[in-house]
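Visitor: To start, I am sharing the structure in question, which I have written as structure tokens.
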């Protein structure tokens, strides 16, 4: 059972074979060799019994990777760098991208491995859980066993920088105060919301006020609001006791669940809205959420990292980005369609960059 709040081996899964038939009729009678006997039962105290004299007749003992080790190995080492030119003029086909995407391990958390009493009441989806090694722990309230729990993970950004983002689920009625506690604790100055409140069914509760409201010990006020064609920007203040901080809230609603926007332009404009001097100056992570906190959330974070790679290096490793995201929070980027759209969006961004200098 794992309860960690903040560990991130790759190897091929070897197959063991004993080769051809090893029993041959001896020309003369010889003492029969003892067979190698292996008895192993999970959870039992049965011993491993080997005739050491017979070890030379079989293949050398080697370690066998567990599926978990294989998953981590893939996510830590896989990559497919694409230059700006390749991304624009010779991109992988949709079929190739689908095949590539389907090979990426999801790295979802087994509910049995999340040993946190009462967490289920704070999970919007019972199978979408925070990976233990990178989960956010609330540190202020200590009155209950599960008081540190929120369904959220720290996410690395460009060049592997730690805690650039927090990916989380859309707040629920009983987690709104926890959400604002996380915003305060982590000194968050930007929240990016990528879902509507309802899309057939509830995806997220209305966790900010129309004017002013208290959520637990935090007083939230709306200071300003600007409507853009694809998104709405609100300037908020969050106050705790005598201290007051500013938080920018961006609601991008033109993105259907499990799908992609109609075009890549609005998403790139959203990324540009985030790229401000204020964002760069703030040391706290950017909170990003949709409903489950993995699909649209993963696409936005991957798009921003991809833009930064293209601008700085002239190439982008989208496969490597998604693998890094899934190490931090399982299931980031939910569908092959989203993976294909990510390539399309970054190809459009590459075309907008200044021409590369001649070698």
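Heads up, residue numbers simply count up from 1 along the chain you see.
From the backbone N, Cα and C atoms, a Cβ is placed for every residue, glycine too.
Swiss-Prot lists these features:
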REGION    1-33  region 'Disordered'
MOD_RES   44  phosphoserine
MOD_RES   66  phosphothreonine
MOD_RES   93  phosphoserine
MOD_RES   143  phosphoserine
BINDING   257, 290, 291, 292, 293, 294, 295, 296, 334  substrate binding site
MOD_RES   290  cysteine sulfenic acid (-SOH)
ACT_SITE  290  active site, phosphocysteine intermediate
Visitor: Return the single residue from the binding-site residues list (293, 295) that has the minimum number of other CB atoms within 10 Å.
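Guide: Among the binding-site residues 293, 295, the lowest count of other Cβ atoms within 10 Å belongs to 295.
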Visitor: Run through the Cβ atoms and count how many others sit within 10 Å of the one on residue 93 (phosphoserine).
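Guide: There are 9 such Cβ atoms around residue 93 (phosphoserine).
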Visitor: Can you tell me how many other Cβ atoms are located within 10 Å of the Cβ belonging to residue 290 (cysteine sulfenic acid (-SOH))?
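Guide: Here the count is 28.
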Visitor: Here the binding-site residues are 291, 334; which one has the lowest number of other Cβ atoms no more than 10 Å from its Cβ?
Guide: 334
Visitor: If you measure residue 293 (substrate binding site) to residue 93 (phosphoserine) at Cα, how many Å is it?
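Guide: Cα of residue 293 (substrate binding site) to Cα of residue 93 (phosphoserine) measures 28 Å after rounding.
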Visitor: Rounded to an integer, what is the Cα-Cα distance in Å between residue 334 (substrate binding site) and the residue listed as 'cysteine sulfenic acid (-SOH)'?
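Guide: Checking the Cα atoms of residue 334 (substrate binding site) and the residue listed as 'cysteine sulfenic acid (-SOH)' gives a distance of 12 Å.
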